[in-house]
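*Asks:* Below are the structure tokens for one structure; questions will follow.
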């Protein structure tokens, strides 16, 4: 059989990432609102019809109706209880990461020579937020250092950008709980990816612009100059009021310790609170409690009338590292269990008319000519809910499972997540207004920079519908990740750990070394993206050889060889989908080019 491939060889039948993405592109490129699918295919982006298979209410007897009502009440209580424990597990998870990484985070922030490099500042913001699992904690460190004159506002801007990127890791971790079902995982992971893609695209535009013009710094200065500011009351703490009774029985941390470590004023080497109050004069005691050594004393100050804290680790002799590992394992176990329960209960509750009503309310659009208004109302709703919860991580972690079960579409989740970015900066603004008078202006300027950064991102990637690039990119990423589930783990490791660490290491060597290595790599990636887009949209503009990637080794343009390698290393087959979902394909090139060629 003749072949157009080099060497007259037909490759082994595979389904690679290019085939999957190309199919998605063809579906999105049609003028109809319904995707064009091959025969026998189902569109995973279409919200599934959650049909009610139970017996109609009118046909039930009195006992059956009582059982139905009791079951509904129990499901509602189970859903609320699972959601409560899910939120508490996120709080404990954040405490665990702070115990494991806060000392490192504080030491990293001390190095002003490294922070003067914008790329290094960005990477440090990503790494620290990933370590402590809390954008509020990372922002508080930056605000404290700016107020203490250890950092300038200009140096803090790239760090704030990195904090914004690092906060999207939580929703990605949550989406992994739905990896058991291919379509649910595709929708859930695309929802988590759209948040990270938006943040990275905004950074790619604004970081060079800020380095050249100091745009965000000047905007924040103008806003401060035009406003009449007075200290306000402390920001509301709605969510903490609900979670504190449980989480404070597990562990309590010294919230000022991380900032003290970063500013060099640390007096106690342990983050765990052992004394929560005093009724007498304190007496000084020696402390040798370390992160990796035994604790001989709990605090550097021992009250005359001791009022010990009441939590599981109040009297522990374990190190911060050991306590952090215990909390990490326990919180992850509870988190995964609650997510499984939430997804199962949502699948059980959201049936028939209930599902239709919920979908209609969340995904509704206004009639023409006001159809564009629905997305902006979703932005406001996301900002308001995040402000009420005071946690963007909790809000995004709640949206992702709803996307997986088919309640929220990707097009509606996108503005909700953008609103969440705005909502978390509003909380920071109120917290800055509650700062002491001598620190209020510095804290407020950093909070305003965070706000303007997210607002600029919305103007860039949402205001003009044609520029809403994170949505198709997240769809394509979801297609590939659903086919090769191990890609999700690679994305987490590369996007939030390995690549930031590599960039940080190069920045330590110097700006010239970073530019010498990073410049060609970034240029190569941009060139590959440009050629790939032209292959699919305008292949006639390219030389014949560049109209496909078939001339490259298969492992450079297909994930199939890597999938076989991962499958051999993962005998439980968790990293790969069932064989029933695998289809055959005989080429990797652009189908428009090969349409007239004989294989």
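Here the Cβ of each residue, glycine as well, is placed from N, Cα and C on the backbone.
Sharing the feature lines straight out of Swiss-Prot:
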type     : residues : note
DISULFID : 276-309  : disulfide bond
CARBOHYD : 265      : N-linked glycosylation site
CARBOHYD : 268      : N-linked glycosylation site
CARBOHYD : 286      : N-linked glycosylation site
CARBOHYD : 299      : N-linked glycosylation site
MOD_RES  : 4        : phosphoserine
TOPO_DOM : 1-76     : topological domain 'Cytoplasmic'
TOPO_DOM : 98-111   : topological domain 'Extracellular'
TOPO_DOM : 133-188  : topological domain 'Cytoplasmic'
TOPO_DOM : 210-322  : topological domain 'Extracellular'
TOPO_DOM : 344-367  : topological domain 'Cytoplasmic'
TOPO_DOM : 389-445  : topological domain 'Extracellular'
TOPO_DOM : 467-485  : topological domain 'Cytoplasmic'
TOPO_DOM : 507-510  : topological domain 'Extracellular'
TOPO_DOM : 532-599  : topological domain 'Cytoplasmic'
TRANSMEM : 77-97    : transmembrane segment
TRANSMEM : 112-132  : transmembrane segment
TRANSMEM : 189-209  : transmembrane segment
TRANSMEM : 323-343  : transmembrane segment
TRANSMEM : 368-388  : transmembrane segment
TRANSMEM : 446-466  : transmembrane segment
TRANSMEM : 486-506  : transmembrane segment
TRANSMEM : 511-531  : transmembrane segment
*Asks:* Per DSSP, what is the residue count of the topological domain 'Extracellular' (507-510) in each of helix, strand and coil?
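*Replies:* Helix, strand and coil residues of the topological domain 'Extracellular' (507-510) number 3 helix, 0 strand, 1 coil.
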*Asks:* What else in the chain is close to the transmembrane segment (77-97), if you only count residues 6 or more beyond its ends and a Cβ gap under 8 Å?
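*Replies:* Counting only partners 6 or more residues beyond its ends, the transmembrane segment (77-97) has Cβ contacts under 8 Å with 131-134, 137, 170, 239, 242-243, 246-247, 250-251, 253, 324-325, 327-328, 330-332, 334-335, 338-339, 341-342, 345-346, 349, 391, 393-394, 397-398.
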*Asks:* Just to be sure I understand, if DSSP states are collapsed into helix, strand and coil, how many residues of the topological domain 'Cytoplasmic' (467-485) fall in each?
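*Replies:* DSSP classes over the topological domain 'Cytoplasmic' (467-485) add up to 15 helix, 0 strand, 4 coil.
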*Asks:* Suppose you look only at the topological domain 'Extracellular' (98-111); what would the mean pLDDT be?
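*Replies:* Mean pLDDT across the topological domain 'Extracellular' (98-111) comes out at 65.
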*Asks:* Please give the sequence-distant neighbours of the transmembrane segment (112-132): residues at least 6 beyond its ends with Cβ less than 8 Å from one of its Cβ atoms.
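*Replies:* Tertiary neighbours of the transmembrane segment (112-132) are 94, 97-98, 100-102, 104-105, 138, 141-142, 150-151, 155-167, 169, 203, 207, 210-211, 258, 496-497, 500-501, 503-504, 507-508, 511, 514, 518.
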*Asks:* Considering only the recorded stretches 189-209, 323-343, 368-388, state which has the highest number of Cβ pairs under 8 Å to the transmembrane segment (486-506).
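*Replies:* Looking only at 189-209, 323-343, 368-388, the most contacts with the transmembrane segment (486-506) come from 189-209.
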*Asks:* With an 8 Å cut-off on Cβ-Cβ distance and a minimum sequence separation of at least 6, pull the same-chain contacts of residue 309 (disulfide bond), or say none.
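*Replies:* Result: 252, 273, 274, 275, 276.
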*Asks:* Report, as numbers and ranges, which residues of the same chain sit near the transmembrane segment (189-209): CB under 8 Å and 6 or more residues beyond its ends.
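*Replies:* Beyond its ends, the transmembrane segment (189-209) has Cβ neighbours at 118-119, 122, 158, 161-162, 164-165, 168-169, 171-172, 174-176, 178, 215-216, 396, 399-400, 403-404, 408, 410, 413-414, 417-418, 421, 453-454, 456-457, 460-461, 469-471, 473-475, 477-478, 481-482, 488, 491, 495.
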*Asks:* Return the count of C-beta atoms lying within 10 angstroms of the C-beta of residue 276 (disulfide bond), excluding that atom itself.
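*Replies:* So the number of other Cβ atoms within 10 Å of residue 276 (disulfide bond) is 15.
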*Asks:* Under an 8 Å Cβ to Cβ limit, what residues of the same chain, 6 or more beyond the ends of the topological domain 'Extracellular' (507-510), are close to it?
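*Replies:* Distal contacts: 114, 117, 119-120, 123.
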